[in-house]
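Copied from TrEMBL, the annotated features are:
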- 204: active site, nucleophile (ACT_SITE)
- 232, 233, 234, 235, 255, 256, 257, 258: substrate binding site (BINDING)
- 1-22: signal peptide (SIGNAL)
Ligand SMILES: *[C@@H]1O[C@H](CO)[C@@H](O)[C@H](O)[C@H]1NC(C)=O
Ligand SMILES: *[C@@H]1O[C@H](CO)[C@@H](O)[C@H](O)[C@H]1NC(C)=O
(Lines of atoms letter the chains of each structure in order from A and count residues from 1; the text may use other names and numbers.)
(Lines give C-alpha, C1' and ligand atoms only; values in the text may rest on other atoms or scores of the structure.)
(Ligands and ions follow the chains in the order given, each with its own letter.)
Protein backbone atom coordinates (compact mmCIF):
# COMPACT_ATOMS: atom_id res chain seq x y z
CA UNK A 1 0.00 0.00 0.00
CA UNK A 2 1.19 3.52 -0.74
CA UNK A 3 1.75 4.79 2.77
CA UNK A 4 3.55 8.17 2.88
CA UNK A 5 6.68 6.63 4.45
CA UNK A 6 7.06 3.90 1.84
CA UNK A 7 8.68 5.77 -1.05
CA UNK A 8 11.34 7.61 0.98
CA UNK A 9 12.37 4.32 2.59
CA UNK A 10 13.03 2.71 -0.80
CA UNK A 11 14.99 5.74 -1.94
CA UNK A 12 17.16 5.62 1.16
CA UNK A 13 17.87 1.93 0.64
CA UNK A 14 18.80 2.30 -3.00
CA UNK A 15 21.06 5.23 -2.19
CA UNK A 16 23.04 3.15 0.28
CA UNK A 17 23.13 0.19 -2.10
CA UNK A 18 24.46 2.42 -4.85
CA UNK A 19 27.22 3.75 -2.63
CA UNK A 20 28.70 0.32 -1.93
CA UNK A 21 27.31 -1.41 -5.00
CA UNK A 22 28.89 -4.82 -5.40
CA UNK A 23 30.73 -4.83 -8.73
CA UNK A 24 33.63 -6.75 -10.17
CA UNK A 25 36.49 -6.48 -10.70
CA UNK A 26 37.47 -4.71 -7.49
CA UNK A 27 40.68 -3.18 -6.15
CA UNK A 28 40.64 -1.83 -2.61
CA UNK A 29 43.59 -0.73 -0.48
CA UNK A 30 44.35 0.95 2.83
CA UNK A 31 45.18 4.69 2.93
CA UNK A 32 44.97 7.11 -0.02
CA UNK A 33 47.79 5.34 -1.89
CA UNK A 34 46.25 6.20 -5.27
CA UNK A 35 49.08 5.17 -7.55
CA UNK A 36 49.07 1.69 -6.04
CA UNK A 37 45.34 1.39 -6.72
CA UNK A 38 45.79 2.57 -10.29
CA UNK A 39 48.71 0.24 -10.92
CA UNK A 40 46.66 -2.73 -9.70
CA UNK A 41 43.70 -1.70 -11.84
CA UNK A 42 45.90 -1.22 -14.92
CA UNK A 43 47.38 -4.65 -14.32
CA UNK A 44 43.90 -6.20 -14.41
CA UNK A 45 42.99 -4.13 -17.43
CA UNK A 46 45.98 -5.41 -19.39
CA UNK A 47 44.99 -9.01 -18.70
CA UNK A 48 46.77 -9.63 -15.39
CA UNK A 49 45.33 -11.88 -12.72
CA UNK A 50 44.38 -10.79 -9.20
CA UNK A 51 47.74 -12.16 -8.05
CA UNK A 52 49.62 -9.92 -10.50
CA UNK A 53 47.48 -6.91 -9.60
CA UNK A 54 48.19 -7.20 -5.85
CA UNK A 55 51.91 -7.71 -6.50
CA UNK A 56 52.16 -4.75 -8.89
CA UNK A 57 49.98 -2.50 -6.73
CA UNK A 58 52.00 -3.10 -3.57
CA UNK A 59 55.27 -2.89 -5.57
CA UNK A 60 54.23 0.60 -6.67
CA UNK A 61 54.10 1.64 -3.01
CA UNK A 62 57.46 -0.01 -2.28
CA UNK A 63 58.99 1.90 -5.18
CA UNK A 64 57.37 5.26 -4.23
CA UNK A 65 58.02 4.70 -0.50
CA UNK A 66 54.35 5.56 0.19
CA UNK A 67 54.44 7.97 3.16
CA UNK A 68 57.88 6.59 4.03
CA UNK A 69 56.14 3.65 5.67
CA UNK A 70 56.38 1.18 2.80
CA UNK A 71 59.57 0.16 1.04
CA UNK A 72 63.21 1.15 1.46
CA UNK A 73 64.59 4.16 3.29
CA UNK A 74 61.97 4.57 6.04
CA UNK A 75 61.13 3.43 9.58
CA UNK A 76 64.69 2.59 10.71
CA UNK A 77 65.00 0.08 13.56
CA UNK A 78 67.12 0.68 16.69
CA UNK A 79 70.28 0.02 14.65
CA UNK A 80 69.17 2.43 11.93
CA UNK A 81 68.38 -0.31 9.43
CA UNK A 82 65.21 -0.50 7.33
CA UNK A 83 63.80 -4.02 7.09
CA UNK A 84 60.65 -5.10 5.25
CA UNK A 85 57.62 -7.31 5.95
CA UNK A 86 55.23 -8.46 3.21
CA UNK A 87 52.71 -11.14 2.37
CA UNK A 88 50.57 -12.33 -0.51
CA UNK A 89 47.70 -14.82 -0.25
CA UNK A 90 45.91 -16.65 -3.06
CA UNK A 91 42.27 -17.07 -2.03
CA UNK A 92 41.62 -19.81 -4.60
CA UNK A 93 44.27 -22.21 -3.34
CA UNK A 94 44.86 -20.86 0.20
CA UNK A 95 48.57 -20.60 -0.61
CA UNK A 96 50.58 -17.93 1.16
CA UNK A 97 54.04 -16.46 0.69
CA UNK A 98 55.51 -14.02 3.18
CA UNK A 99 58.75 -12.46 4.34
CA UNK A 100 59.52 -10.91 7.72
CA UNK A 101 62.44 -8.71 8.69
CA UNK A 102 63.74 -8.90 5.10
CA UNK A 103 67.08 -7.10 4.76
CA UNK A 104 68.72 -5.37 1.74
CA UNK A 105 66.00 -6.28 -0.81
CA UNK A 106 63.60 -3.57 -1.99
CA UNK A 107 60.81 -5.61 -3.55
CA UNK A 108 59.39 -7.37 -0.51
CA UNK A 109 56.02 -8.40 -1.96
CA UNK A 110 57.69 -9.94 -5.00
CA UNK A 111 59.96 -11.94 -2.70
CA UNK A 112 56.83 -13.00 -0.80
CA UNK A 113 55.32 -14.21 -4.07
CA UNK A 114 58.53 -16.11 -4.81
CA UNK A 115 58.27 -17.84 -1.41
CA UNK A 116 54.75 -18.93 -2.41
CA UNK A 117 55.63 -20.02 -5.94
CA UNK A 118 59.13 -21.44 -5.52
CA UNK A 119 58.99 -23.10 -2.11
CA UNK A 120 56.53 -25.10 -0.03
CA UNK A 121 57.01 -22.70 2.88
CA UNK A 122 54.75 -19.83 3.88
CA UNK A 123 57.07 -17.44 5.73
CA UNK A 124 60.82 -16.78 5.55
CA UNK A 125 62.53 -14.29 7.84
CA UNK A 126 65.66 -12.23 8.36
CA UNK A 127 69.04 -12.75 6.77
CA UNK A 128 68.06 -16.17 5.43
CA UNK A 129 65.09 -14.64 3.60
CA UNK A 130 67.52 -12.20 1.95
CA UNK A 131 69.73 -15.07 0.79
CA UNK A 132 66.64 -16.83 -0.61
CA UNK A 133 65.74 -13.62 -2.44
CA UNK A 134 69.23 -13.26 -3.91
CA UNK A 135 69.09 -16.85 -5.12
CA UNK A 136 65.75 -16.02 -6.77
CA UNK A 137 67.45 -13.20 -8.67
CA UNK A 138 66.56 -10.18 -6.55
CA UNK A 139 69.15 -7.43 -6.26
CA UNK A 140 70.80 -6.96 -2.87
CA UNK A 141 71.25 -3.28 -2.02
CA UNK A 142 71.42 -0.91 0.92
CA UNK A 143 67.92 0.18 2.01
CA UNK A 144 69.24 3.20 3.91
CA UNK A 145 68.25 6.70 2.76
CA UNK A 146 69.16 10.16 4.02
CA UNK A 147 65.70 10.24 5.59
CA UNK A 148 66.19 7.01 7.53
CA UNK A 149 69.66 8.16 8.61
CA UNK A 150 68.32 11.44 9.96
CA UNK A 151 65.34 9.79 11.73
CA UNK A 152 67.79 7.45 13.44
CA UNK A 153 70.28 10.22 14.34
CA UNK A 154 67.51 12.30 15.88
CA UNK A 155 66.29 9.32 17.91
CA UNK A 156 69.79 8.71 19.26
CA UNK A 157 70.12 12.39 20.17
CA UNK A 158 66.83 12.12 22.14
CA UNK A 159 68.17 9.28 24.30
CA UNK A 160 66.44 6.67 22.14
CA UNK A 161 62.95 8.03 22.75
CA UNK A 162 60.44 6.67 22.02
CA UNK A 163 61.15 2.93 22.11
CA UNK A 164 59.39 -0.40 22.67
CA UNK A 165 61.11 -1.65 25.84
CA UNK A 166 59.48 -2.21 29.22
CA UNK A 167 60.55 -3.55 32.60
CA UNK A 168 64.25 -3.13 31.91
CA UNK A 169 67.26 -1.50 33.50
CA UNK A 170 68.35 1.24 32.93
CA UNK A 171 64.89 2.76 32.47
CA UNK A 172 63.92 2.79 28.79
CA UNK A 173 61.97 6.01 29.41
CA UNK A 174 65.15 7.96 30.03
CA UNK A 175 68.11 6.00 28.61
CA UNK A 176 69.37 4.19 25.58
CA UNK A 177 70.29 0.50 25.86
CA UNK A 178 71.76 -1.99 26.13
CA UNK A 179 69.10 -2.95 28.66
CA UNK A 180 68.92 -5.80 31.13
CA UNK A 181 65.86 -7.47 32.60
CA UNK A 182 64.61 -5.56 35.61
CA UNK A 183 64.08 -7.97 38.51
CA UNK A 184 61.51 -7.57 41.27
CA UNK A 185 58.36 -5.45 41.12
CA UNK A 186 57.32 -3.96 37.83
CA UNK A 187 54.15 -2.95 36.17
CA UNK A 188 52.46 -5.54 33.97
CA UNK A 189 50.44 -2.85 32.26
CA UNK A 190 50.75 -2.56 28.57
CA UNK A 191 53.02 0.23 27.40
CA UNK A 192 52.74 1.29 23.79
CA UNK A 193 54.26 4.63 22.87
CA UNK A 194 51.40 6.19 20.93
CA UNK A 195 53.65 8.47 18.92
CA UNK A 196 55.76 5.64 17.50
CA UNK A 197 53.00 4.19 15.34
CA UNK A 198 50.42 6.90 14.82
CA UNK A 199 48.28 8.52 12.22
CA UNK A 200 51.25 10.25 10.62
CA UNK A 201 53.02 6.94 10.31
CA UNK A 202 50.56 5.07 8.12
CA UNK A 203 52.66 1.98 8.31
CA UNK A 204 51.19 -0.47 5.78
CA UNK A 205 49.64 -0.94 2.41
CA UNK A 206 47.06 -3.71 2.52
CA UNK A 207 45.37 -4.54 -0.77
CA UNK A 208 42.54 -6.80 -1.91
CA UNK A 209 41.87 -7.58 -5.57
CA UNK A 210 38.98 -9.60 -7.00
CA UNK A 211 39.33 -10.23 -10.71
CA UNK A 212 36.68 -11.09 -13.31
CA UNK A 213 37.10 -14.81 -12.68
CA UNK A 214 36.20 -14.06 -9.03
CA UNK A 215 39.64 -15.00 -7.76
CA UNK A 216 40.42 -13.11 -4.57
CA UNK A 217 43.97 -12.18 -3.55
CA UNK A 218 45.15 -10.11 -0.61
CA UNK A 219 48.59 -8.67 0.11
CA UNK A 220 50.50 -6.35 2.39
CA UNK A 221 53.83 -4.52 2.39
CA UNK A 222 55.48 -2.35 5.03
CA UNK A 223 58.79 -1.32 6.53
CA UNK A 224 57.30 -1.82 9.98
CA UNK A 225 57.41 0.27 13.12
CA UNK A 226 59.96 3.08 13.40
CA UNK A 227 62.61 2.37 16.10
CA UNK A 228 61.48 -1.24 16.42
CA UNK A 229 63.72 -3.64 18.31
CA UNK A 230 65.78 -5.48 15.65
CA UNK A 231 64.09 -8.79 14.85
CA UNK A 232 60.57 -7.49 15.38
CA UNK A 233 58.07 -8.77 12.84
CA UNK A 234 54.68 -7.09 12.79
CA UNK A 235 51.24 -8.24 11.72
CA UNK A 236 51.63 -7.61 7.99
CA UNK A 237 53.33 -10.90 7.00
CA UNK A 238 51.27 -13.00 9.44
CA UNK A 239 48.46 -14.82 7.68
CA UNK A 240 45.08 -13.94 9.15
CA UNK A 241 46.52 -10.89 10.87
CA UNK A 242 47.84 -8.53 8.17
CA UNK A 243 45.59 -10.01 5.51
CA UNK A 244 43.49 -13.04 4.60
CA UNK A 245 41.75 -14.17 1.43
CA UNK A 246 39.38 -17.01 0.64
CA UNK A 247 37.67 -16.81 -2.75
CA UNK A 248 34.58 -18.58 -1.34
CA UNK A 249 34.02 -15.88 1.30
CA UNK A 250 36.04 -12.68 0.84
CA UNK A 251 39.18 -10.95 2.03
CA UNK A 252 40.41 -8.41 4.56
CA UNK A 253 43.59 -6.45 5.28
CA UNK A 254 44.57 -4.57 8.41
CA UNK A 255 46.76 -1.59 9.25
CA UNK A 256 47.78 0.10 12.50
CA UNK A 257 49.43 -1.08 15.69
CA UNK A 258 50.51 -4.48 14.45
CA UNK A 259 51.87 -5.69 17.77
CA UNK A 260 48.37 -5.44 19.21
CA UNK A 261 46.30 -6.29 16.16
CA UNK A 262 48.12 -9.54 15.34
CA UNK A 263 46.92 -11.00 18.65
CA UNK A 264 43.35 -11.01 17.30
CA UNK A 265 43.88 -12.35 13.76
CA UNK A 266 41.56 -9.55 12.60
CA UNK A 267 41.68 -10.30 8.87
CA UNK A 268 40.84 -13.97 9.36
CA UNK A 269 38.04 -13.01 11.74
CA UNK A 270 36.55 -10.52 9.28
CA UNK A 271 36.52 -13.10 6.48
CA UNK A 272 34.80 -15.60 8.77
CA UNK A 273 32.15 -13.02 9.64
CA UNK A 274 31.52 -12.43 5.94
CA UNK A 275 31.34 -16.20 5.35
CA UNK A 276 28.48 -16.21 7.85
CA UNK A 277 26.68 -13.65 5.68
CA UNK A 278 27.63 -10.44 7.41
CA UNK A 279 27.94 -7.25 5.35
CA UNK A 280 31.60 -6.20 4.80
CA UNK A 281 31.21 -3.00 6.84
CA UNK A 282 29.65 -4.86 9.75
CA UNK A 283 32.38 -7.53 9.62
CA UNK A 284 35.07 -4.83 9.75
CA UNK A 285 33.33 -3.05 12.64
CA UNK A 286 32.90 -6.19 14.69
CA UNK A 287 36.61 -6.96 14.40
CA UNK A 288 37.58 -3.46 15.57
CA UNK A 289 35.12 -3.70 18.47
CA UNK A 290 36.63 -7.01 19.61
CA UNK A 291 40.11 -5.48 19.84
CA UNK A 292 38.73 -2.38 21.61
CA UNK A 293 37.43 -4.56 24.44
CA UNK A 294 41.04 -5.22 25.43
CA UNK A 295 42.81 -2.15 23.99
CA UNK A 296 40.26 0.71 23.97
CA UNK A 297 42.75 3.25 22.60
CA UNK A 298 44.51 1.20 19.96
CA UNK A 299 45.21 2.78 16.57
CA UNK A 300 44.09 0.62 13.68
CA UNK A 301 41.84 0.10 10.68
CA UNK A 302 40.69 -2.74 8.45
CA UNK A 303 39.25 -3.10 4.95
CA UNK A 304 36.86 -5.91 4.02
CA UNK A 305 35.53 -7.19 0.69
CA UNK A 306 33.08 -10.03 0.12
CA UNK A 307 33.15 -12.43 -2.80
CA UNK A 308 30.63 -10.47 -4.89
CA UNK A 309 32.56 -7.20 -4.69
CA UNK A 310 30.78 -5.56 -1.76
CA UNK A 311 33.27 -3.74 0.46
CA UNK A 312 33.58 -1.74 3.64
CA UNK A 313 36.05 -0.52 6.24
CA UNK A 314 36.25 0.36 9.92
CA UNK A 315 38.73 2.04 12.22
CA UNK A 316 39.30 2.54 15.92
CA UNK A 317 38.93 6.09 17.16
CA UNK A 318 41.94 7.35 19.09
CA UNK A 319 43.50 10.78 19.70
CA UNK A 320 44.12 12.43 16.32
CA UNK A 321 42.42 9.66 14.36
CA UNK A 322 38.69 10.03 13.68
CA UNK A 323 38.48 8.98 10.06
CA UNK A 324 40.20 6.42 7.90
CA UNK A 325 40.83 6.98 4.19
CA UNK A 326 41.05 4.12 1.72
CA UNK A 327 41.00 3.64 -2.05
CA UNK A 328 38.49 1.77 -4.18
CA UNK A 329 38.52 1.03 -7.89
CA UNK A 330 35.72 -0.93 -9.59
CA UNK A 331 33.82 -0.55 -12.88
CA UNK A 332 32.13 2.61 -11.46
CA UNK A 333 35.52 4.30 -11.29
CA UNK A 334 38.17 5.10 -8.74
CA UNK A 335 37.56 6.98 -5.51
CA UNK A 336 39.13 7.84 -2.21
CA UNK A 337 36.62 6.85 0.48
CA UNK A 338 36.37 7.87 4.09
CA UNK A 339 34.90 6.02 7.04
CA UNK A 340 34.23 7.46 10.52
CA UNK A 341 36.05 5.59 13.26
CA UNK A 342 34.12 3.80 16.00
C1 LIG B 1 72.32 12.26 0.97
O2 LIG B 1 72.85 13.51 1.31
C3 LIG B 1 74.16 13.72 0.81
C4 LIG B 1 74.72 15.01 1.41
O5 LIG B 1 73.74 16.01 1.41
C6 LIG B 1 74.12 13.75 -0.72
O7 LIG B 1 75.40 13.97 -1.26
C8 LIG B 1 73.58 12.42 -1.20
O9 LIG B 1 73.41 12.45 -2.59
C10 LIG B 1 72.24 12.11 -0.54
N11 LIG B 1 71.89 10.75 -0.87
C12 LIG B 1 70.69 10.45 -1.31
C13 LIG B 1 70.47 9.00 -1.59
O14 LIG B 1 69.79 11.25 -1.46
C1 LIG C 1 28.43 -8.43 -0.42
O2 LIG C 1 28.24 -7.12 0.06
C3 LIG C 1 27.28 -6.38 -0.65
C4 LIG C 1 27.30 -4.94 -0.15
O5 LIG C 1 27.23 -4.89 1.22
C6 LIG C 1 25.95 -7.05 -0.53
O7 LIG C 1 24.96 -6.34 -1.26
C8 LIG C 1 26.03 -8.48 -1.06
O9 LIG C 1 24.82 -9.15 -0.86
C10 LIG C 1 27.15 -9.22 -0.35
N11 LIG C 1 27.37 -10.50 -0.98
C12 LIG C 1 27.37 -11.64 -0.31
C13 LIG C 1 27.64 -12.87 -1.08
O14 LIG C 1 27.15 -11.69 0.89
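Glycine residues also receive a Cβ, built from the backbone N, Cα and C atoms like all the rest.
Curation plays no part in TrEMBL annotations; they are all automatic predictions.
Overlay of TrEMBL annotations on the structure.
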{"residue": "204", "record": "active site, nucleophile", "DSSP class": "coil"}
{"residue": "232", "record": "substrate binding site", "DSSP class": "coil"}
{"residue": "255", "record": "substrate binding site", "DSSP class": "strand"}
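When the alpha carbons of residue 233 (substrate binding site) and residue 204 (active site, nucleophile) are compared, the span between them is 13 angstrom. With respect to Cβ neighbours within 10 Å, the recorded positions 204, 255 differ, and 255 shows the lowest count. Note: the Cα of residue 234 (substrate binding site) and the Cα of residue 204 (active site, nucleophile) are spaced 10 Å from each other. A straight line from the CA of residue 235 (substrate binding site) to the CA of residue 204 (active site, nucleophile) spans 10 Å.
The distance from the Cα of residue 257 (substrate binding site) to the Cα of residue 204 (active site, nucleophile) comes to 10 Å. A gap of 8 Å separates the Cα atoms of residue 256 (substrate binding site) and the residue listed as 'active site, nucleophile'. Residues 232, 233, 234, 235, 255, 256, 257, 258 are listed as the substrate binders, and the farthest two of them sit 16 Å apart at their Cα atoms. Neighbour count (other Cβ atoms within 10 Å of the Cβ, all protein chains): 18 for residue 232 (substrate binding site). A gap of 6 Å separates the Cα atoms of residue 204 (active site, nucleophile) and residue 255 (substrate binding site). All protein chains considered, the CB of residue 257 (substrate binding site) has 25 other CB atoms within 10 Å.
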